[in-house]
Structures are given as C-alpha cells and as structure tokens.
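Features of the protein shown, as given by TrEMBL:
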type   : residues : note
REPEAT : 10-48    : repeat 'HEAT'
REPEAT : 164-202  : repeat 'HEAT'
REPEAT : 203-241  : repeat 'HEAT'
REPEAT : 242-280  : repeat 'HEAT'
REPEAT : 281-319  : repeat 'HEAT'
REPEAT : 320-358  : repeat 'HEAT'
REPEAT : 359-397  : repeat 'HEAT'
REPEAT : 398-436  : repeat 'HEAT'
REPEAT : 437-475  : repeat 'HEAT'
REPEAT : 476-514  : repeat 'HEAT'
REPEAT : 515-553  : repeat 'HEAT'
REPEAT : 554-587  : repeat 'HEAT'
Amino acid sequence: MAMVDEPLYPIAVLIDELKNDDIQLRLNSIRRLSTIARALGEERTRKELIPFLSENNDDDDEVLLAMAEELGVFIPYVGGVEHAHVLLPPLETLCTVEETCVRDKAVESLCRIGSQMRESDLVDWFVPLVKRLAAGEWFTARVSACGLFHIAYSSAPEMLKAELRSIYSQLCQDDMPMVRRSAATNLGKFAATVESAYLKSDIMSIFDYLTQDDQDSVRLLAVEGCAALGKLLEPQDCVAHILPVIVSFSQDKSWRVRYMVANQLYELCEAVGPEPTRTDLVPAYVRLLRDNEAEVRIAAAGKVTKFCRILSPELAIQHILPCVKELSSDSSQHVRSALASVIMGMAPVLGKDATIEHLLPIFLSLLKDEFPDVRLNIISKLDQVNQVIGIDLLSQSLLPAIVELAEDRHWRVRLAIIEYIPLLASQLGIGFFDDKLGALCMQWLQDKVYSIRDAAANNLKRLAEEFGPEWAMQHIIPQVLDMTTSPHYLYRMTILRSISLLAPVMGSEITCSKLLPVVVTATKDRVPNIKFNVAKVLQSLIPIVDNSVVEKTIRPSLVELAEDPDVDVRFYANQALQSIDNVMMSG
C-alpha cells in the first residue's frame with residue numbers, strides 16, 4: 001500500500017508547504033520544483049503540478065518571483081518542447097501581478113519558452129496568450145504583452161501578423177503611460193522581427209506616436225528607439241524619418257529627453273551616417289553642450305571625444321572646441337569632471353598643432369581646477385596627450401597639480417594620485433622624476449592613513465620595476481632603510497612591507513647585503529606586531545636568497561622568534577620555519 005501512495009507524497013508535501021505561513025518554507029518548496037517534478041514524472045507534472053501552480057495565488061512577491069524564474073527552465077520536466085505550452089497559463093497569471101520585477105521575470109521566462117516552442121504551437125498557444133494580455137483590462141497585463149510581441153510575430157501567418165502590428169500600435173496609444181513606456185522600450189525588438197515592407201509604414205507611424213507623447217518618460221524611451229530603428233532602416237529612410245526626430249528631441253522641453261539624446265548621440269550618428277551628422281547633428285550637439293541643465297551638459301561633455309572622432313579636425317575645431325572651452329570653466333564641477341575624463345582623447349583627433357594651440361590651455365586650466373576630481377581625471381589620461389605633443393609642455397604645470405593632490409586632505413584623492421605615479425614616471429622620464437616626485441613617494445610612507453602607506457609601498461615596487469634595480473639602489477633603498485628606526489611602530493611596519501615587495505625586484509645580492517640585515521635587526525623590536533610581520537617577511541625572502549643564507553641568517557632569527565612570549569609571533573615564526581623545511585625537503 002505504501003508503494004502506491006509514494007508518488008503522491010511529493011505533491012502533498014508541496015501543497016502543504018506552499019500553504020504554510022512561513023515564507024521561507026514556501027520559497028524553499030518553489031526552489032525545489034524541479035526535484036518534485038522529477039519525482040512526479042512528466043505526465044503527472046503536466047496534469048497535477050502545473051495546474052496547481054496556476055491556481056496558487058500566493059501574495060508574497062518573493063515566492064512569485066522564484067516561481068516565474070523556475071518555470072522558465074521547466075520544459076524538460078513537462079516532456080520537452082511539444083508540451084511546452086502547458087507552462088504558459090501559470091506564467092500568464094504572473095504577467096498580471098502588480099509587482100514589476102515578478103512581471104519582468106515572467107515575461108523573460110515566457111520569451112525563453114516561446115523561443116523554443118514549435119511554430120504551430122506558437123500560433124495555437126503563444127499568440128492567443130499575447131492577444132489576451134494585450135486586451136487585459138488591468139494595465140499590468142498590457143505592459144507585459146509589449147515584451148512578448150517579438151517572439152509571437154515571426155512565426156504567425158500573414159493575417160495574424162497584420163493583427164499583431166495593429167494591436168502593438170494600439171498599445172502605443174494606450175491611456176496608461178506605463179503601457180506606452182513598455183511599448184516604447186520594446187519597439188526596437190519588435191521592429192527587428194517585422195518585414196522591411198512594413199517597417200516604413202506601420203512601425204514608423206507607431207514610432208511617430210511615441211515621439212510626440214505628452215509624457216517625457218515615454219519620449220525618452222523613444223530616443224533609444226531612434227538608434228535601434230536607425231540600424232534597421234536604409235540610410236536614406238533614416239535621414240528622412242529618424243534625423244528630424246533626433247533634432248527635435250535635442251530641443252525637447254524636458255531635460256530628461258535632452259539628456260537621453262546627449263547620452264545616445266554617438267549611436268544616433270552611426271545610424272544616420274557621416275553627412276547628415278555634419279549638417280544636422282553638429283548643431284544639435286552644440287546646443288546640448290550649451291544646455292542650461294547641468295545633467296545634460298555632463299552627458300554631452302562625456303561624449304565629446306567620441307563625437308569628434310566622427311568629424312574632420314576642422315569641423316571639430318570650428319564647432320566643438322569653442323563649447324569645450326566654455327565647459328572647462330563651467331559652473332558645475334561635475335561638468336568639468338566629465339570633460340576632464342575625456343578631453344585628453346581629443347588630442348590624437350586634432351593632431352599636434354591644434355592640440356598645442358587649442359587644447360593645451362584647456363588642459364592647463366583644468367589642472368588648476370579647485371575640485372580634485374577634475375585634476376585627477378586629467379592626470380589619469382596623460383599618456384594620450386604625451387603621444388601627441390610630448391610631456392615637456394605639460395610638465396611645468398603638472399608638477400604643482402601633482403604636489404597639491406599628493407597633499408590633499410581627502411585620503412582618497414591622495415590614494416588616486418599614488419596609483420598614477422608609475423604612469424607619470426614612465427611618461428616624465430627618470431630625470432624629472434628624481435628631481436620632483438621622489439621625495440613625495442617617500443613622504444607617503446609616513447601618511448596617517450594605512451591605505452596610503454600600503455599603496456606607497458606598492459608604488460615603490462612598481463617604480464623599481466619601471467626604472468630598474470640600479471636606480472632603486474640609489475634612490476629608493478637608502479631612504480627606505482633610513483626610516484627603519486622611526487619611533488612609530490606603524491611606520492616601521494610599512495618599511496617591512498616595502499622591503500618584502502622590493503626584495504623580488506632587487507634580486508638576491510642586494511636583498512642579502514642591504515635588506516636582510518634590517519629585517520633581522522627588527523626581530524629585536526619591542527612591538528609584537530612588528531615581530532610577527534618580521535616572521536612573515538623572512539618567510540617571503542626564503543625563495544629569493546641562497547639556501548646557505550637561509551640556514552645561516554634566516555633560520556636562527558626565526559628559531560629565536562619561535563620562543564617569543566607572544567602567541568602570534570610564535571605562530572608566524574613556526575609557519576616560516578615549516579616553509580624552510582618544505583623548501584629544503586623539495587630542494
């Protein structure tokens with residue numbers, strides 16, 4: 001008898017758990033749906049489990065979200081593609097709930113299932129589902145429907161295709177802005193499946209409705225549609241239909257729409273081609289760069305280099321550069337920061353002479369900007385300018401900016417500039433670096449903030465790699481070793497960290513003669529934290545130096561530390577001794 005009841009058990013447990021008050025239990029049982037389906041077998045999953053899920057009107061969004069996700073990968077458990085349609089009813093219900101993320105996941109799962117279904121099944125089951133949702137009286141169903149058209153359309157017969165196009169057109173004129181927004185978002189996907197004959201007639205008329213919508217949230221989504229449709233249309237149609245829309249959007253009364261145009265402008269230029277870009281889009285772009293809304297100027301400024309690449313240098317100098325000059329003294333620091341992060345890329349576009357004449361003064365003014373992010377953005381992209389004009393012209397102005405940033409009261413600014421020092425060093429060359437930046441690099445080893453000290457130690461290692469061990473032996477090692485007697489134990493710890501990083505770069509000889517004695521001396525330090533760090537450093541030096549040095553110098557120091565009163569010191573010393581033994585055994 002027990003054997004007969006066995007297959008009923010999972011569904012009974014599932015029903016109990018799905019009705020349980022504890023949300024965690026309900027969630028767990030939904031996440032185990034595939035296991036339950038396997039236990040039930042394909043037929044009972046289709047006949048019992050799926051209908052049960054269709055009726056399960058759980059009120060918790062988290063459970064519904066999990067269910068929408070699980071059902072998307074459920075085709076194998078209901079008997080494969082020929083039975084995929086049984087999964088549609090529960091997902092259709094989920095497409096109408098109030099919570100957006102549940103609806104989105106249900107639409108995603110429906111698209112996944114629909115893309116695997118056979119054409120005849122799509123016509124019999126999927127297309128009617130889309131039509132039902134599109135005609136739903138509650139707006140949530142209509143919002144979801146918009147995301148399914150691109151799956152339903154391609155396999156529908158001619159009559160149905162015409163009907164689907166007309167339903168989509170109605171959704172674009174729906175009373176609810178949320179539905180129109182969804183239609184605008186999904187227009188590109190739907191248009192990609194529509195035959196080119198209907199693109200111009202039906203899709204472009206739908207697009208026109210959206211571009212003239214009274215809600216700015218719908219219009220700004222139509223901007224994204226411009227780029228998507230532009231890729232589908234022939235160039236001449238693109239100029240006729242899309243270009244006027246872009247130009248009017250760039251003067252839209254809502255700043256959000258103008259912001260969207262500024263953000264998408266490069267893609268839009270690609271859609272309409274080079275000639276219309278020069279005649280129509282350059283003026284539109286100039287308007288956006290001079291927009292009265294800072295957010296729009298930020299988006300436009302961030303695209304300045306990309307945009308200039310499409311233009312000839314003459315056009316860029318004539319139209320774009322005057323705006324760039326204005327933006328470099330913009331009242332909003334965020335606009336200046338956005339400009340600083342891309343302006344260096346204009347140098348290769350304009351060429352050497354134009355860069356020296358027009359861009360150099362702008363770089364220099366941004367390097368003196370009161371806002372640290374602006375100065376940092378310029379310094380981080382220096383290599384782009386160096387390739388065009390060489391660093392000499394900038395070095396005089398660079399230095400004060402670097403020194404100021406190096407001493408900025410915000411530690412994150414100091415940290416950012418340290419990270420650029422190796423880049424600067426390679427650009428400025430060894431001579432300039434020794435004179436001006438060497439002292440700064442040492443100063444950071446004694447910063448009050450740990451992250452800065454740690455970054456400074458890493459910086460020394462990168463500089464030693466850049467300029468070579470001989471240079472480091474002259475300019476880094478002596479200063480580092482001088483700091484080993486610092487009265488503050490945290491600074492002494494930074495020196496140990498620097499030594500462990502520098503040793504692999506400096507090689508065995510210098511490590512043995514200069515670095516190792518300092519580390520051994522530190523085993524006598526008063527502070528346990530220093531001593532266990534000494535043990536770690538000694539362990540890191542084992543692979544660098546000869547075995548004889550390990551036995552003569554490193555092992556005795558570690559043996560001494562292994563008898564330290566402090567438990568941590570003993571632990572790390574023993575760990576290092578263990579690693580010596582391992583090396584000796586494998587050697």
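Just so it is clear, glycine is given a Cβ too, placed from its N, Cα and C backbone atoms.
For the repeat 'HEAT' (554-587), the model gives a mean pLDDT of 83. Outside the repeat 'HEAT' (164-202), and at least 6 residues removed from its termini, the chain residues within Cβ reach (under 8 Å) are 127, 130-131, 134-135, 139, 142-147, 149-150, 152-154, 156, 209-210, 213, 215, 217-218, 221-222, 224-225, 227-229, 232-233, 237, 241. Long-range contacts of the repeat 'HEAT' (281-319) within its own chain (CB-CB distance under 8 A, at least 6 residues past either end) are made by residues 243, 246-247, 250-251, 255, 258-259, 261-263, 265-266, 268-269, 272, 274, 326-327, 330-332, 334-335, 338-339, 341-343, 345-346, 349-351, 354, 358. Remote same-chain residues near the repeat 'HEAT' (515-553) are listed as 477, 481, 484, 489, 492-493, 495-497, 499-500, 502-504, 506-508, 560-561, 564, 566, 568-569, 571-573, 575-576, 579-580, 583-584, 587 (criterion: CB distance under 8 Å, separation of at least six residues from the stretch ends).
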